[in-house]
């Protein structure tokens, strides 16, 4: 069982990571929609794909066979906090249902399948890249 101080550090790490991840998601949406003039669907897709890459790469680098030794607070800051705040399954669901309510079944299906597929592909790429880094000789 975790002592009270360690638990508070963990909660603070997750909360700070989530705040930074959510702000990053918001700013990404602003850039993609307001500055680039793209549809909001692109913003949701972007953060989900990037977040999938980050969480898998970090999990692989900091796992039992990883080359990075980090504590529970750091690992949860990135994975539960930052990536949890950055990615947004709920917005993807909302976007899909809006497309369905507007009667655009082909776009809704394409969007949903594409975002999930690209997110899984990004996670796989993150795993492959981090696994390769894990196999490199350590610096002395």
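The backbone N, Cα and C atoms fix where each Cβ goes, and this holds for glycine too.
Taken from TrEMBL, the feature Na(+) binding site covers 84, 87. What TrEMBL records for 12-33, 45-64, 76-101, 107-130 is transmembrane segment.
Under the DSSP three-state reduction, residue 87 (Na(+) binding site) is assigned to coil, being neither helix nor strand. The Cβ of residue 84 (Na(+) binding site) lies under 8 Å from the Cβ of 14, 17, 18, 21, each of these being in the same chain and 6 or more residues away along the sequence.
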